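Annotation comment: TrEMBL describes GLY10, ALA11, GLY12, LYS13, GLY14, THR15, ARG127, THR136, TYR137, GLN199 as ATP binding site. If you look up TrEMBL, you'll see THR31, ARG36, LEU57, LEU58, VAL59, GLY85, PHE86, PRO87, ARG88, GLN92, ARG160, ARG171 marked as AMP binding site. Taken from TrEMBL, the feature Zn(2+) binding site covers CYS130, CYS133, CYS150, CYS153. Taken from TrEMBL, the feature domain 'Adenylate kinase active site lid' covers 127-162. For 30-59, the entry in TrEMBL reads region 'NMP'. As annotated by TrEMBL, region 'LID' applies to 126-163.
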Amino acid sequence: MNVIFMGPPGAGKGTQAEKIVSEFQIPHISTGDAFRAAMSQGTPMGIEAKGYVDKGLLVPDEITNGIVRERLAQPDCDKGFLLDGFPRTVAQADALSEIVDSLGKKIEVVINLAVDRSYLLARLTGRRICKSCGSTYHVIFNPPQQEGVCDKCSGELYQRSDDTEEKVGTRLDEYINKTAPLLDYYQKRELLREVNGEQDIHAVTEQISSLLRGLA
Ligand code: ADP
Ligand code: ADP
Ligand code: ZN
């Protein structure tokens, strides 16, 4: 199963991806996670990406496409993959189409997690992430059993530096201007399926999972 998750920042892509990759046993490819890992390691790519991520802007296409091109060529992607947060521009979608063609693969479905803008600020400012295993929580909507501590690995939870009210505004503008046009792009290619991301976490998982089981 070769799947793309789309949706605005805070729609629930990462949360749902954790569950879906565990059910379908496919790798989770998140360009946001790749940038955060490179930033914390201080690699040259990470240093360059940081200038954009810290401002809430999209990282340039050439850098982002390079990450995905390398990752999709790894042998574990032969059994399928879930792309979370890529593509985010029409140029990235065109590059992806070329990458999958060259590998003899094809995108089977694009799931759009539809969530109204009015939900997103609260979701993003309350988001907390485990430093050790990357699991996502929310202080109100999905709290850990013990405040600040990961249920799965007892790691410390932190808040992303771009999950502030100020950065969220810029990120939503980037989404509307550069990413939302992709809905039309994939609709025209008959790949787009919409899931209501405003339901509770469990209901959203059920809906995605049955949609994917129907395609498998
Ligand atoms: P994305 O990867 O699309 O930016 P996340 O999966 O990180 O979104 O979710 C953003 C925040 O909202 C997280 O704190 C997460 O726990 C919470 N969240 C995710 N899905 C839901 C939902 N269906 N209802 C309420 N909160 C949610
Ligand atoms: P969110 O949870 O808000 O959807 P991500 O973790 O996917 O955020 O991405 C965090 C940041 O990483 C983005 O604001 C952007 O700076 C950068 N980024 C992630 N994916 C891409 C992409 N496909 N193209 C450009 N920049 C990206
Ligand atoms: Zn953890």
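The backbone N, Cα and C atoms fix where each Cβ goes, and this holds for glycine too.
Around THR31 (AMP binding site), the same-chain residues at least 6 positions away in sequence with a Cβ under 8 Å from its Cβ are VAL59, THR64, ILE67, VAL68, ASP84, GLY85, PHE86, ARG88. Checking the binding-site residues GLY12, LEU57, CYS153 against ligand 1, the ones with a C-beta less than 6 Å from an atom of that molecule are GLY12. Taking the C-alpha positions, the distance from CYS133 (Zn(2+) binding site) to GLY14 (ATP binding site) comes to 13 Å.
Ligand 2 lies under 6 Å from the Cβ of the following binding-site residues, listed in sequence order from THR31, VAL59, PHE86, ARG88, CYS133, ARG160: THR31, VAL59, PHE86, ARG88.
Of all the binding-site residues given, namely GLY10, GLY12, GLY14, the one with the smallest number of surrounding CB atoms inside 10 A is GLY14. Neighbour counts were taken as the number of other C-beta atoms within 10 angstroms of each residue's C-beta; across the binding-site residues LEU57, CYS130, the minimum falls on LEU57. Among the binding-site residues LEU57, CYS150, CYS153, ARG160, the ones whose Cα is located within 10 Å of the Cα of ARG127 (ATP binding site) are ARG160. Helix, strand and coil residue tallies for the region 'NMP' (30-59), in that order: 21 helix, 1 strand, 8 coil [DSSP]. Its Cβ taken as reference, CYS150 (Zn(2+) binding site) is surrounded by 21 other Cβ atoms within 10 Å in the chains shown. CYS150 (Zn(2+) binding site) sits 20 Å from GLY10 (ATP binding site), taking the C-alpha atoms as the reference points. Taking GLY10, GLY12, LEU57, ARG160 as the binding-site residues under consideration, the smallest Cα distance to CYS130 (Zn(2+) binding site) is found for ARG160.
Cβ contacts within 10 Å of CYS133 (Zn(2+) binding site), excluding its own Cβ and spanning all protein chains shown: 12.
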